Structures are given as structure tokens and as C-alpha cells.
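Undergrad: Supplied in C-alpha cells, the structure appears directly below.
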Amino acid sequence: LWPWLLASSGLSALVQLVTLPFFPDSPSYLLIQKGNEEACRKAIRKLWGEGDHQAEIDDIMKEKGAMASTKTLRVLEVIKERSLRWQLYILMIVMSTLQLCGINAVFHTAKFEEYLIPYVSLGVGLCECLSSILCSTLIDRFGRKVLLWGGYSLMGSVLALLTVTLSLQHRFFWMHYFSVILIFLFVVFFGTGP
């Protein structure tokens with residue numbers, strides 16, 4: 001039953017993957033990142049209907065002006081910046097509490113020896129940190145829609161493979177190790193995409 005339950009979460013990812021191309025890009029993304037005012041107006045009309053939306057466009061332009069005067073920090077600069085220390089602490093606490101999300105229960109299902117489970121849990125935590133760093137650098141370059149599209153596609157593929165590996169783990173002794181690698185990939189794809 002566990003492999004089917006795990007695969008069922010792929011259904012919602014599939015629905016989102018299929019419907020994603022029909023959603024417009026964010027108006028603020030189109031105007032701020034791409035600099036395309038006409039595409040921004042088209043996206044606003046698609047989201048909010050016909051009408052005068054100049055006030056919304058003016059707000060986005062103000063946001064663009066405020067962002068231009070703000071310096072973008074790299075990851076190492078964020079760590080060194082004293083004014084961001086509390087936000088960094090909160091982020092670290094949130095990332096560490098993700099260990100309680102339940103994904104670690106899969107390791108018990110994958111029939112790992114008890115002494116290996118803390119190391120695998122540590123690997124999931126490292127994958128979560130890696131994905132948050134990747135997401136912060138990739139979202140500015142590719143945009144949210146591309147990351148969502150890629151993330152859901154890769155997550156769906158990984159869940160399909162994970163269902164197969166969990167079903168075959170009693171036949172091959174090495175299959176549960178492959179399942180853990182797939183879980184690591186799922187965590188990274190989830191963190192960088194959705």
C-alpha cells in the first residue's frame with residue numbers, strides 16, 4: 001500500500017504540470033525582470049479582466065525603482081551581514097524543522113539498518129539546504145514558471161521511479177540504496193521548483 005500512497009502524490013503534480021502552460025506569467029516578473037510592459041498589460045488583463053489597470057502597473061514600476069536602489073547580496077554576503085542575522089537564524093530553524101516533515105519515515109519502509117537512518121536524514125537536510133541555495137540563484141535567472149515546470153516534471157519522474165524501487169526492494173538488496181538517492185533528488189527538485 002505504501003508505494004501506491006507515495007505515487008498518489010504524483011497525481012497532483014501531474015495535474016499542475018498539465019495546467020501550468022495555460023497560466024500567465026506574473027505581471028511583476030514580466031515588467032521587472034523582462035522589461036516587457038506590453039506582456040505585463042496582457043497578463044494583467046488575463047488575470048483581472050478588461051479595465052484600467054494603470055495603478056497596478058505604476059505600483060510595479062515603483063517596486064522596480066525600489067529594487068534598483070537595493071543591492072542584491074550573494075549567499076556569503078547574507079551570512080556576513082549583521083542586519084540580516086535574525087532572518088538567517090529563523091531560516092535555519094525552519095530548515096532544520098523540515099526534518100520533522102515525515103519523509104524520514106520512508107527510510108524505515110526502505111528497510112535500512114537502524115544505524116544508517118541518522119546519516120540518511122542528514123543527507124535529506126543537506127539536500128534541503130542545497131535546494132534553497134539553488135532556488136535563490138535560479139529563480140532570478142529562469143523565472144518562477146520555468147522552475148515550477150521543471151520541478152514538477154522531475155518530481156513526477158522521481159516519484160514514478162521511487163514507486164518502482166520500493167516495489168522491487170525485496171528482490172534486489174541494493175534497491176533500497178537507489179530509493180534513498182531518489183528521495184534526495186525529490187527533495188532537491190521540490191526545493192528548487194514548487
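A Cβ is built for glycine as well, from the same backbone N, Cα and C atoms used for every other residue.
So TrEMBL lists the following for this protein:
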type	residues	note
DOMAIN	1-194	domain 'Major facilitator superfamily (MFS) profile'
SIGNAL	1-17	signal peptide
TRANSMEM	6-24	transmembrane segment
TRANSMEM	88-110	transmembrane segment
TRANSMEM	116-139	transmembrane segment
TRANSMEM	146-168	transmembrane segment
TRANSMEM	174-192	transmembrane segment
Undergrad: If you average per-residue pLDDT over the domain 'Major facilitator superfamily (MFS) profile' (1-194), what number do you get?
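TA: So the average pLDDT across the domain 'Major facilitator superfamily (MFS) profile' (1-194) works out to 77.
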Undergrad: Please identify the stretch among 116-139, 146-168, 174-192 with the greatest number of Cβ pairs below 8 Å relative to the transmembrane segment (6-24).
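TA: Between the stretches 116-139, 146-168, 174-192, 146-168 has the largest tally.
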